[in-house]
Amino acid sequence: MRRYLAVRGGAGDVAEPDLNAKPQDNLYLAVNSEWLSKAEIPADQTSAGVNTELDIKIEKRMMKDFADIASGKEKMPDIRDFDKAIALYKIAKNFDKRDAEKANPIQNDLQKILDLINFDKFKDNATELFMGPYALPFVFDVDADMKNTDFNVLHFGGPSTFLPDTTTYKTPEAKKLLDILEKQSINLLEMAGIGKEEARVYVQNALAFDQKLSKVVKSTEEWSDYAAIYNPVSLTEFLAKFKSFDMADFLKTILPEKVERVIVMEPRFLDHADELINPANFDEIKGWMLVKYINSVAKYLSQDFRAAAFPFNQAISGTPELPSQIKQAYRLANGAFDEAVGIFYGKKYFGEEAKHDVEDMIHNMLKVYEQRINDNNWLSEDTKKKAIIKLRALVLKIGYPEKIEKIYDLLQIDPERSLYENEAQMATVRTKYMLDKLTQPVDRSVWLMPGNLNNACYDPQRNDLTFPAGILQAPFYDIHQSRGANYGGIGATIGHEVSHAFDNSGAKFDEHGNMNNWWTDEDFAEFNKRVGQMVDIFDGLQYGPAKINGKQVVGENIADLAGLACAVQAGKNDNVDLKDLFENYARSWMQKQRPEAIKTEVQVDVHAPQPTRVNIPVQCQDDFYTAFDVKPDDGMWLDPEDRITIW
């Protein structure tokens, strides 16, 4: 066992406050313990912390704006398709109408599943079901070809399981969670007009099919290997896997043109597809579709349905209360028209001065990154040159998009129809839009995140960075706070996203976003050795009631490590106070979570829990030891040979 395993992450438990903690022993607790000792988690949230507070701040602003615009107190902004968001919001917040409608809006669509009396009927109606608001026991998507990202291709995979991850089925909580889902689903089906005994049989069949799925679909750890989703097979080879279901006929009816090949995201699922999708399993498939359907649509119905669909989510998240009705109305409208809403937010709350300042910081960080690549002591010159070509090709998307994606023009809201009917109609439009992309080149101008989102991302297939206006505010960024604090906040975030271009997944893609090996064999072997060190230092780390899977979170941890290293270097170039930088970095990950939420996050998220993302990256920065005079006997000490450097 390596020495650092005793002290990785500092002394103490970052899930518990320690008012006596010193930065030399546990930076995260030294900075955040006072807040942790007093913080209360909102009743409708899974956590409290910097990110939650920022999410709530954005949401409160937008909810007031929506209320004022919907009431006529404020005029409708001149933003394309924003009026549709307000129209949907008005429908969603009318709970008098929703409560009066009860289960009526879903009866026709529910009946379409109930009318499936055998496997032949399922096959005959599969196209209509796929285009509607239903889950089928397989998934198709259209996205860029990883090896030629100018073109879209058809992707195939398995459906999601009832529990958050395949690993959840092996935990002591699995039976309790499935029992809650069983009771909830029977109740919902009864509320929709199905007899109790009939509902019970449907749900038991659904649970049986879900167990079969859980053995063949990918876990979160497997999904974290991004390049492993690229498994192209010929159409002939793909169709040969389906003996019982007429996949050839199905694809003819849903696709705008014939495809020559399919990208199989889950080869194991495809190998078992015929064992799952066949006449012998029909009753289980039908039950599974009903349970998926009723649990997904309950949120569009009455308050009674909303409440009846809450226990399973409550058990997974620990959240004691449903979001308020008005909050749900805003969230549904924002979710359906997020790009228009994000443009509204960006134009109103994100100033040009701030945008230019952030752009300046990003360009500074890119210069630092290039210098760090040049100074790298384990890469060959050939690989360095190619890494810099990729770095210089990065496309920046800051604040909010200038144009709205075409899909929002196609979505229509009918104020005379129910909330469910509007949502179902939009689901059909989105599915058709997705399939139609097969005949079109990849649109690289599309944003993956709306302007009002508190987040940021790197897209390996477009080689672009997105920094929405939502994250470009305190404590991550404030034009009035110290430059050191800004580098510890948004600077580290910028470095983090840039580093995704060179993490264990991004490193396999070139400057055009194509999966293409631009490394020498020797360099890639050394890179993978360092990736392995990153896996080891996090693997098994205890956080509250859960242990971290180092392999599952390694890509994000590489980005954290390299992002902070770049922020420190950029800060030094600007002569900032490094204590400010490290302390704001620790503050930016401040969080208090419910135990249930921790367990679920560790199972399903490729990010380590936020508090665990502070001390280990900091421990690997030599400048931290100088800034805080850290000694070998201190809890934050790592021996120099155990400090990991990748970029």
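Cβ coordinates are placed from backbone N, Cα and C, and glycine is handled just like the others.
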Co-listed Zn(2+)-binding residue [Swiss-Prot; alongside His496, His500] among Glu416, Glu421, Glu423, Glu556: Glu556
Taking only the Cα atoms, work out how far Glu497 (active site) lies from Glu556 (Zn(2+) binding site), in Å, as a whole number. 9
Rank the recorded positions Glu497, Glu556, Asp560 by the number of other Cβ atoms within 10 Å of each Cβ and report the first-ranked residue. Asp560
Could you name the residues, excluding His496, His500, Glu556, of the same chain that surround the Zn(2+) site, i.e. Cβ within 8 Å of the Cβ centre of those residues, in sequence order? Tyr458, Glu497, Ser499, Asp503, Gly555, Ile558, Ala559, Asp560, Gly563
Other than its own, how many Cβ atoms are within 10 Å of the Cβ belonging to His500 (Zn(2+) binding site)? 23
Here the 10 Å Cβ neighbour count for His496 (Zn(2+) binding site) comes out at 24
I'd like to know the mean pLDDT over the domain 'Peptidase M13' (1-647). 96
